[in-house]
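Here's the structure we're looking at; comments come further down.
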Amino acid sequence: SGGPDYDVPLGRRDGLSFATRNATLQNLPAPFANATAILSSLATKNFDPTDVVALSGGHTIGISHCSSFTGRLYPTQDPTMDQTFAKNLKQVCPTTNSSNTTVLDIRTPNKFDNKYYVDLMNRQGLFTSDQDLYISSRTRGIVTSFAVNQTLFFEKFVAAMVKMSQLSVLTGKAGEIRANCSVRNANNNSLLASVVEEEARSEY
């Protein structure tokens, strides 16, 4: 979709259990969260404001359900939202319980680029968690720098994604190396980890 290529650090083990829905939601800032809440939440993961704004740029592609942002339309419109943008969203989501969807980035919805930040500067961010990044004095300058410099955005996005890939890494005997990355190993595959480790040691 046009985004940057980057090397993914290897060697991360898979867990032996899956995160619950509640645990997942506790670790993801809500779409109605403001910049202060998002920065505080992700600071616990060692992400700084530049990381947070860069990761939010992932919203340059994808879609959202109306339920994630209709609080900005009804019963009264969020004053930080562009009037024409709001009018168009109300056509897509005519009621608070609409099940319709819309794109996250109205300029280039199918391309990974820096236009998400241009949206924010034009008060066309879909979520509060998006738009408040431009409203907040702590992140406004970062949004602007990414809006005018796509290369800088890509660079910071890659750095933040690599940092994210190294959160809570399992070491030692924790976790496993899966034979099929989408399925936990069956008991008869439990020796796979030690086999791979032996092969790795023999290469040094």
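Cβ atoms are placed via backbone N, Cα and C, with glycine included.
These features come from TrEMBL:
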BINDING   P29  substrate binding site
BINDING   H59  heme b binding site
BINDING   T60, D105, T108, D113  Ca(2+) binding site
DISULFID  C66-C93  disulfide bond
DOMAIN    1-185  domain 'Plant heme peroxidase family profile'
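Under 8 Å, Cβ to Cβ, and six or more positions away along its own chain, T108 (Ca(2+) binding site) finds T60, K115. Around the residue listed as 'heme b binding site', taking its Cβ as the centre, 21 other Cβ atoms fall within 10 Å, counting all chains. With every protein chain in view, the residue among the binding-site residues D105, D113 whose Cβ has the most Cβ partners within 10 Å turns out to be D105. For H59 (heme b binding site), the nearest of the recorded positions P29, C93, D105 in terms of C-alpha separation is D105. Scoring each of the disulfide-bonded residues (C66, C93) by how many neighbouring Cβ atoms lie within 10 Å, the top position goes to C93. Along the domain 'Plant heme peroxidase family profile' (1-185), the predicted structure has mean pLDDT 94.
In sequence order, I61, R107, P109, K111, F112, N114, K115, Y116 are the same-chain residues whose CB sits within 8 A of the CB centroid of T60, D105, T108, D113, the residues recorded for Ca(2+) being left out. Each of the binding-site residues P29, T60 was scored by other CB atoms within 10 A of its CB, and the lowest score goes to P29. The Cα of D105 (Ca(2+) binding site) lies closest to that of C66, out of the recorded positions P29, C66, C93. Taking the Cα atom of each, the residue listed as 'substrate binding site' and C66 (disulfide bond) are about 17 angstrom apart.
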